[in-house]
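Participant: What Swiss-Prot records for this protein is below:
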TRANSMEM  20-40  transmembrane segment
CARBOHYD  Asn55  N-linked glycosylation site
CARBOHYD  Asn58  N-linked glycosylation site
TRANSMEM  90-110  transmembrane segment
TRANSMEM  120-140  transmembrane segment
TRANSMEM  143-163  transmembrane segment
TRANSMEM  180-200  transmembrane segment
TRANSMEM  203-223  transmembrane segment
MOD_RES   Ser274  phosphoserine
MOD_RES   Ser278  phosphoserine
MOD_RES   Ser297  phosphoserine
TRANSMEM  313-333  transmembrane segment
TRANSMEM  365-385  transmembrane segment
REGION    395-415  region 'Disordered'
TRANSMEM  434-454  transmembrane segment
TRANSMEM  461-481  transmembrane segment
TRANSMEM  489-509  transmembrane segment
TRANSMEM  515-535  transmembrane segment
CARBOHYD  Asn559  N-linked glycosylation site
Amino acid sequence: MAPTLATAHRRRWWMACTAVVENLLFSAVLLGWGSLLIMLKSEGFYSYLCTEPENVTNVTVGATAEPEHEEVSRMNGWLSCKAQDEMLNLAFTVGSFLLSAITLPLGIVMDKYGPRKLRLLGSACFAVSCLLIAYGASNPNSLSVLIFIALALNGFGGMCMTFTSLTLPNMFGDLRSTFIALMIGSYASSAVTFPGVKVIYDFGASFIVILVVWAGCSGLVFLNCFFNWPLEPFPGPEDMDYTVKIKFSWLGFDHKITGKQFYKQVTTVGRRLSVGSSMRSAKEQAALQEGHKLCLSTVDLEVKCQPDATAAPSFMHSVFSPILLLSLVTMCVTQLRLIFYMGAMNNILQFLVSGDQAVVSLYTSIFGVLQLLCLLTAPVIGYIMDWRLKECEDASEEPEEKDANPGEKKKKRDRQIQKITNATRAFAFTNLLLVGFGVTCLIPNLPLQILSFILHTIVRGFIHSAVGGLYAAVYPSTQFGSLTGLQSLISALFALLQQPLFLAMMGPLQGDPLWVNVGLLVVSMLGFCLPLYLICYRRQLERQLERKREDDKLFLKLNGSSNQEAFV
């Protein structure tokens, strides 16, 4: 039986810790494609596309066919060639596309029904994907096509795990961006899982046995979700900010009543006790003229709450807002840059070392180990997003408390402006690192690629954490899943360009990634548009805040108080 929200809140630390481990081992493991590619080629997936070059063993140096046949090699007794690389890279493209594109329907479903069912489905799909890869490895000459279905299920299941874990930070208040970054860090660090599996594989463990055990471990994720995750969506922090701090355990429930729920109750009671049948402003004026000192209806409450209702933008308004559109540009460019490098990394390394497979395997393992940096670096960007938020004025603060300490109120920062300032710094820093990564990719030096690995890992953890923190700061929590899913879908569609870029590198450019990297470096400059706009947006908010303060001063002079409350 599913636990209640109150029970889940008491278990939030257990759920957060297990979610980090589960994301690390079962979410976006497909990002460790470099190591998986070596194991798939060693197991013979699509090896039948390669032709044995026995009839041209003694071809002279001047023969035109020799370069084509030199690309055929053997891995663990199976043939390996360019045609095999292109087919497996296509499978990776499909899987990585679903890893991001599926988030839009997932977000819509999760916003409506909560994360529990999606997480159960995701863990089941991950287990099935492992079993399909194991089954395909039993007879690769006939079952290699299963890798497409397996990677698609792997991407879908992994994103279900990742996306549902992003709702957990709602239970941690002002630390939400930090916990979002931690979840995304574990998601990004899951690229270390396949390199870890490859180490076990290199020690002689059976590839099929490894995958079967992995599928069984996914069942533990299913059980953990079944016993600990509630059916209801986790309430957003904006609801918790307006919590009425009274526990109604004597009424049979121990959770707090949110501001929205409290307003609904007040509205219902007020309408029942209202002396009139009309709730319009005319009735309000009549009540005032009759000299009523106590207004039991909620006319004034509704009038005063109208600005708050209009302040919450509609979904379409959020979709076409400049912040979302510019974040889409930033994510599309960054996602294409990162996905292309992951998909083509083995071939880029082979170009640098002239085909030495041992060196390629070593550097692939180094890349995999460095993915653990995401667990350390992703919370950094979350900390930047949460910087000084505790020093900001609380919108849910009682008016009496604000009047009691006017001097202290002046010293506090505006929360919305501080969030925008933090997001500006986060995106500017992330894009600087992305440009630095593009520069290191242009230099054909093998040891320097370790720096490229580090920058790639940091940027991958930073960009998702920054976007998640920005959406959590700017948009309502009820739209967080849908907007994040829309962003992931569009960036995944744009990242499909990595397949033609890969074909161009392997074909006309003969394996040289220079010109592809130059083009991607130029395009990555578009990422600076978002922080520049956020600077302008922050100045606009500062001007609005100044006008509001001037209005408050005027209201104070006229009424003797700055509190603009409903008449009761």
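A Cβ is built for glycine as well, from the same backbone N, Cα and C atoms used for every other residue.
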Participant: According to DSSP, does Asn559 (N-linked glycosylation site) sit in a helix, a strand, or coil?
Facilitator: helix
Participant: For Asn559 (N-linked glycosylation site), just count the other CB atoms lying within 10 A of its CB, please.
Facilitator: 10
Participant: Which sequence positions outside the transmembrane segment (143-163), separated from its termini by at least 6 residues, show Cβ-Cβ distances below 8 Å to it?
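Facilitator: Beyond its ends, the transmembrane segment (143-163) has Cβ neighbours at 22-23, 26-30, 40, 44-46, 48, 88, 91-92, 94-100, 102-103, 106-107, 110, 115, 118-119, 121-130, 132-133, 135-136, 183-184, 187, 190, 221, 481, 484-485, 488.
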Participant: Three or more CB pairs closer than 8 Å, sequence separation of 6 or more: does that hold for the transmembrane segment (313-333) against the transmembrane segment (489-509)?
Facilitator: yes
Participant: Do at least three C-beta pairs under 8 angstroms join the transmembrane segment (365-385) to the transmembrane segment (203-223), pairs 6 or more apart in sequence?
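Facilitator: Output no: the transmembrane segment (365-385) is apart from the transmembrane segment (203-223).
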Participant: When only pairs 6 or more apart in sequence are counted, do the transmembrane segment (203-223) and the transmembrane segment (20-40) reach 3 or more Cβ pairs under 8 Å?
Facilitator: yes
Participant: Which bits of the chain, at least 6 residues beyond where the transmembrane segment (90-110) starts or stops, bring a Cβ under 8 A of a Cβ in it?
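Facilitator: Distant Cβ neighbours of the transmembrane segment (90-110) are 28, 30-31, 33, 37, 118, 147-148, 151-152, 154-156, 158-160, 163-164, 167, 233, 335, 339, 342-343, 480-489, 491-493, 495-496, 498-499.
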Participant: Where else in the chain does the transmembrane segment (515-535) make close Cβ contacts, counting only residues six or more beyond its ends and a cut-off under 8 Å?
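Facilitator: Same-chain contacts beyond the flanks: 322-323, 326-327, 329-330, 333-334, 336-337, 340, 420, 423-425, 427-428, 430-431, 434-435, 438-439, 441-442, 501, 504-505, 509.
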